[in-house]
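Straight from TrEMBL, the features:
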type	residues	note
ACT_SITE	Glu16	active site
ACT_SITE	Ser193	active site
ACT_SITE	Ser327	active site
BINDING	Lys140, 185-187, 193-194, 223-230, 315-316	ATP binding site
BINDING	Asp303, Glu316	Mg(2+) 1 binding site
BINDING	Glu316, Asn318	Mg(2+) 2 binding site
DOMAIN	144-349	domain 'ATP-grasp'
Amino acid sequence: MKKPRVAVLFGGMSSEHAVSLVSATSVIANIPRDRFDVVMIGITRDGEWRLFEGDVEKLAGSGWESDPSNRPAFIAPDSRVHGIVALSPDGRIETIRLDVVFPVLHGLNGEDGTVQGLLTLARIPFVGCGVTASAVCMDKAITKALCDTYQIPQAKWETVRVSDLKDNGKAVVERLEAHLGYPLFVKPANAGSSVGISKAADRETLYKAIETAATHDRKLVFEEAVNGREIECAVLGNEEPVVSCCGEIKPCNEFYDYNAKYLAGRTELVIPASLPKDVSERVRQTAMRVFRLLGCRGLTRMDFFALEDGTVLLNEPNTIPGFTSISMYPKLFEAGGISYGELLETLLRLAMEG
Ligand SMILES: Nc1ncnc2c1ncn2[C@@H]1O[C@H](COP(=O)(O)OP(=O)(O)O)[C@@H](O)[C@H]1O
Ligand SMILES: [Mg+2]
């Protein structure tokens, strides 16, 4: 039988472009080549699409962008193409049929339903959540509002539009102080990898935090600072998903900020997390519930805070979680006996299940 052809999308117009390059390097290197043909499509920070045929090692550090193998290419929305339209080296237009796409894109313009919409129009199966779940999970305010209606326990929170802060700043800040108290977290509603997030200890740092977050989004989320352990678990599947054991993040910085995630390299992942059985079960059951309620599919990493008294609060779902071979999502399944390569194959098969 012919091997299915998978396109891995990497890069993207997102503040998490660099993170995608690292995740995609691992994904591309580990898709079993005896069972899948792989083509690579890079999207630059400016949004140019290119078919890349160079060495996968060139992804990290952005060397791929100037690779002589690059050709203009894009996924056609036309469902009859069912794949890529590319400029061939001799200047002709060619099409490359695809069986499945793995969007290894984090954050805006990739994890948020945009690329999922294109792939839906193109009728090409793809790994991960569809348009609605992707869009919902990208927006922290919408996720939180929905989870409140489903009575999923969360930290106290509020959402405010930047324009409201401009018109009515002092009153809004006083309301936030009264409702949430210090310290509190300020986040852009739509971002990831801790980009634009700060912890404010008083009014002065709150104003700075607002300024930082407002450079990323017109809508902000404010949350009480939770004093808890950061526990994550991984959900995999479509109609009958499975949930991994719990893992714990022990950040090397004050919180799990961008540096702690990607640069410092000293953050510790503890798998399985050492938790009382009832707490880890609550995390896993809540993860499964949220996956279903939000209409997730394929994969999602669910992040929580576990408090001293056994309370479990949802922090956020991540529909395209970090996917390097040392990232939490694949590590959690590895602990359950599913290797990184097997996990990739399972995800591709789940996508093609229809
Ligand atoms: N309410 C909170 N209380 C305590 N720590 C928080 C809170 N919100 C976020 N954090 C810290 O900030 C990190 C990033 O926040 P998160 O909401 O997960 O954003 P991102 O989508 O960028 O990962 C978390 O992993 C955690 O370390
Ligand atoms: Mg997070």
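Just so it is clear, glycine is given a Cβ too, placed from its N, Cα and C backbone atoms.
It is Asn227, among the recorded positions Asn227, Asn315, Asn318, Ser327, whose Cβ has the fewest other Cβ atoms within 10 Å in the structure shown.
Ranking the recorded positions Glu16, Asp303 by C-beta neighbours within 10 Å puts Glu16 at the top. Cβ crowding, taken as the number of other Cβ atoms within 10 Å, peaks at Val186 among the binding-site residues Val186, Ala225. A separation of roughly 15 Å, to the nearest angstrom, links the Cα atoms of Asn227 (ATP binding site) and Asp303 (Mg(2+) 1 binding site). Contact annotation for recorded positions (Glu16, Val186, Asn227, Arg229, Glu316, Asn318) versus ligand 1: Glu316, each with CB under 6 Å from a ligand atom. In sequence order, Cys137, Lys140, Thr143, Asp303 are the residues near Glu316 (Mg(2+) 1 binding site), counting only same-chain partners six or more apart with C-beta under 8 A. Asn318 (Mg(2+) 2 binding site) and Ala225 (ATP binding site) are 20 Å apart (CA-CA, integer value). Calculated from their C-alpha atoms, the gap between Arg229 (ATP binding site) and Ser193 (active site) amounts to 18 Å. Checking the binding-site residues Ala225, Arg229, Asp303, Glu316 against ligand 2 with a 6 Å cutoff on the Cβ atom leaves Asp303, Glu316, in sequence order.
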